[in-house]
Amino acid sequence: AKCQCKLPQRERTNCGYPGISAAECKKIGCCFNASMPGVPWCYTPKPKKVKKVCPNDPYARINCGYPGIPARECTRKGCCFRAHPAGVPWCFYHRVTEE
């Protein structure tokens with residue numbers, strides 16, 4: 001992603017070898033920007049930011065507990081808890097999305 005390549009020059013970590021082409025650099029999953037001499041042109045991107053979200057669709061829930069699990073025990077396991085609707089897991093796993 002483009003935003004992963006927006007890094008101050010002093011924070012660039014070399015990712016290729018001297019004389020690497022832009023295409024070769026991108027093929028190995030790195031960023032390429034040859035606009036500044038004296039800094040790595042092929043460099044490691046920023047790590048992707050991910051966040052955990054509780055799915056809104058009750059039918060997309062993946063069970064994380066057992067019938068009748070208390071909310072506190074569910075959240076202690078690191079899961080989501082919503083005591084509605086009937087017929088779906090009330091204690092369920094987060095979904096991870098990229099920011």
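Cβ atoms here come from the backbone N, Cα and C positions, even for glycine.
A disulfide bond in TrEMBL ties Cys64 to one cysteine from Cys54, Cys79, Cys80, and that cysteine is Cys79.
The disulfide partner of Cys15, as annotated in TrEMBL and taken from the candidates Cys30, Cys31, Cys54, is Cys30. Listed in TrEMBL as the disulfide partner of Cys54, from the options Cys31, Cys42, Cys74, Cys80, is Cys80. If you go by TrEMBL, Cys42 shares a disulfide bond with Cys25, out of Cys25, Cys31. Long-range Cβ neighbours of Cys91 (disulfide bond) (same chain, at least 6 residues apart, Cβ-Cβ under 8 Å): Asn63, Cys64, Gly65, Tyr66, Ile69, Ala71, Glu73, Cys74, Lys77, Cys79, Cys80, Phe81.
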